[in-house]
Amino acid sequence: MMFTKALVAATLATLTAALPQPTVVRREGGDAGVTIVNNMDSDVYAWSVTDGVSKMHTLSSGGGSYTENFQANPNGGGVSIKLSTHQDQTDVLQFEYTKSGETIFWDMSCIDMDRAASTFTKNGFDVSPSQTSGDCPAVNCHAGDTSCAEAYLQPKDDHATHGCPIDTSFTLTLGA
């Protein structure tokens, strides 16, 4: 009788181990990150830049998207997701972020684009955090606004940097 119980227990343990087990993949930063949605009528190209440049990602016109979980830059600096309507990283709008303890610091930068002629300026863009506060606001640069005060227009525009809890997710909508 004891042998039968042991045999049944061993058989059940073997069968349980053989069943498919759910796999959980945890990327750096957990599930928090940024999703960029292209609602414009032209394709957008994206590169994630740390101490190197990622492959180019294409966000198709009319709703194509790119999602990136927050990552740390191996050289200790921030990360820049460069967005362009050209495949050569010219005239770029940037979503920039840096992980620091329990805070994600982020901003939008228009420094490296011709604001008067840019497709991003013509169509507008906005950033919606999953949780907002005084230090973690939404950002909206309306279509045609060449002087959007909520984005970096020159290197010293530090008022455009925001700090949010590290578990905040963002949606950047192009063509808002």
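Backbone N, Cα and C define each Cβ position, glycine as well.
On its own chain, CYS136 (disulfide bond) has PRO129, HIS162, GLY163, CYS164, PRO165, THR168 as residues at least 6 apart in sequence with a Cβ closer than 8 Å to its own Cβ. Under the DSSP three-state reduction, CYS136 (disulfide bond) is assigned to coil, being neither helix nor strand. Per Swiss-Prot, the feature disulfide bond maps to CYS136-CYS164 (among others); the stated evidence is sequence analysis.
The feature disulfide bond is assigned by Swiss-Prot to CYS141-CYS148 (among others). Proximity of CYS141 (disulfide bond) to non-local residues of its own chain (separation of 6 or more, Cβ distance below 8 Å) is seen for MET108, CYS110, THR121, GLY124, PHE125, ASP126, CYS148, GLU150, ALA151, ALA176, given in sequence order.
Taken from Swiss-Prot, the feature signal peptide covers 1-18.
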